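Here is the structure we will look at, set down as structure tokens.
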Amino acid sequence: AGEECDCGSPANPCCDAATCKLRPGAQCADGLCCDQCRFIKKGTVCRPARGDWNDDTCTGQSADCPRNPFH
């Protein structure tokens with residue numbers, strides 16, 4: 001418990017493999033809305049639209065790509 005990131009790989013520059021905590025200055029370690037340890041800006045498409053659905057976009061506050069509520 002208390003893990004902030006997946007510490008399986010010491011190669012991840014955002015995550016301290018010894019503590020499973022984000023490195024200083026890192027906002028995230030992985031996820032569709034995480035790029036180089038930082039949250040991708042709000043409104044960036046993280047999952048393109050399919051059919052009549054709208055694009056899923058990053059919130060700017062999380063590494064996760066939220067599902068569009070209008071699916």
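Here the Cβ of each residue, glycine as well, is placed from N, Cα and C on the backbone.
Feature annotations, courtesy of Swiss-Prot:
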DOMAIN    1-71  domain 'Disintegrin'
DISULFID  CYS5-CYS20  disulfide bond
DISULFID  CYS7-CYS15  disulfide bond
DISULFID  CYS14-CYS37  disulfide bond
DISULFID  CYS28-CYS34  disulfide bond
DISULFID  CYS33-CYS58  disulfide bond
DISULFID  CYS46-CYS65  disulfide bond
Which ones are near CYS33 (disulfide bond): of the disulfide-bonded residues CYS7, CYS15, CYS65, which have a Cα within 10 Å? CYS65
Near CYS65 (disulfide bond) (Cα-Cα within 10 Å), the disulfide-bonded residues in question, chosen from CYS5, CYS7, CYS15, CYS28, CYS34, are CYS34
Identify which of the disulfide-bonded residues CYS37, CYS58 has its Cβ surrounded by the largest number of other Cβ atoms within 10 Å, counting every protein chain shown. CYS58
If you average the pLDDT over the domain 'Disintegrin' (1-71), what number do you get? 90
How big is the gap, in Å, between the Cα of CYS58 (disulfide bond) and that of CYS15 (disulfide bond), rounded to a whole number? 21
By a simple count of other Cβ atoms within 10 Å, which of CYS20, CYS34, the disulfide-bonded residues in the record, is least packed? CYS20
Taking CYS5, CYS7, CYS14, CYS28, CYS33 as the disulfide-bonded residues to compare, which has the smallest set of other Cβ atoms within 10 Å? CYS7
Of all the disulfide-bonded residues given, namely CYS7, CYS14, CYS28, CYS34, CYS37, which is spatially nearest to CYS20 (disulfide bond) at the Cα level? CYS7
Just name the winner among CYS15, CYS46, CYS65 (the disulfide-bonded residues) by count of other CB atoms within 10 A of its CB. CYS15
